[in-house]
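**Q** Pasting in a structure now, in structure tokens, and then I'll have a few things to ask.
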Amino acid sequence: MALLSRPALTLLLLLMAAVVRCQEQAQTTDWRATLKTIRNGVHKIDTYLNAALDLLGGEDGLCQYKCSDGSKPFPRYGYKPSPPNGCGSPLFGVHLNIGIPSLTKCCNQHDRCYETCGKSKNDCDEEFQYCLSKICRDVQKTLGLTQHVQACETTVELLFDSVIHLGCKPYLDSQRAACRCHYEEKTDL
């Protein structure tokens with residue numbers, strides 16, 4: 001059996017130590033990468049669940065904008081509301097150009113209401129329903145035709161139901177943009 005010289009033995013031991021260190025590093029890197037992948041996956045699930053909660057009515061099902069510390073939100077300094085978009089929702093890629101100016105006016109007022117810090121979704125939706133139903137009453141007075149009123153009421157009901165069932169996320173997003181909470185920074189929308 002050949003004996004290695006002292007320098008060769010030292011070199012061999014250094015090489016073996018380097019190999020062991022590389023293997024440990026590879027295991028550590030894989031372990032860290034696995035944890036990072038798991039963390040990113042959990043974060044994505046959390047993001048999707050929060051979006052679903054916003055869409056379906058918020059945490060309590062009531063669709064209310066609240067500060068996490070329980071304080072009342074206040075208007076964001078210098079906030080400029082976005083221009084109203086008529087009847088539609090960019091969230092769902094829907095824009096309804098119905099061609100009835102008074103209907104578009106109701107939708108625009110509703111958008112502005114959602115962007116008024118501290119205004120409840122319920123109050124905005126009730127004002128919207130009143131505005132829409134007034135259009136149908138005016139159609140009845142002007143035309144006196146029942147079939148036009150029924151078509152108007154069907155359109156109003158469809159719009160209002162859409163707002164009630166799908167309007168939570170747009171409301172919460174508008175409140176987040178228009179309001180500020182003490183001790184909180186604005187988060188990305």
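Placement of Cβ uses the backbone N, Cα and C atoms for every residue, glycine included.
Relevant sequence annotations retrieved from Swiss-Prot are reproduced here:
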- His110: active site (ACT_SITE)
- Asp125: active site (ACT_SITE)
- Gly88, Pro90, Phe92, Asp111: Ca(2+) binding site (BINDING)
- 1-22: signal peptide (SIGNAL)
**Q** Whole-number Å distance between the CA of His110 (active site) and the CA of Asp125 (active site)?
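**A** Cα-Cα, rounded: 7 Å.
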**Q** A 10 Å Cβ contact count, applied to the recorded positions Asp111, Asp125: which residue has the minimum?
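**A** Among the recorded positions Asp111, Asp125, the sparsest Cβ neighbourhood within 10 Å belongs to Asp125.
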**Q** Measuring Cα to Cα, how far is Asp125 (active site) from Asp111 (Ca(2+) binding site) in Å?
**A** 10
**Q** If you draw a 10 Å sphere on the Cβ of Gly88 (Ca(2+) binding site), how many other Cβ atoms land inside?
**A** 17
**Q** Counting across all protein chains present, how many other Cβ atoms fall within 10 Å of the Cβ of His110 (active site)?
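**A** Excluding its own Cβ, the number within 10 Å is 25.
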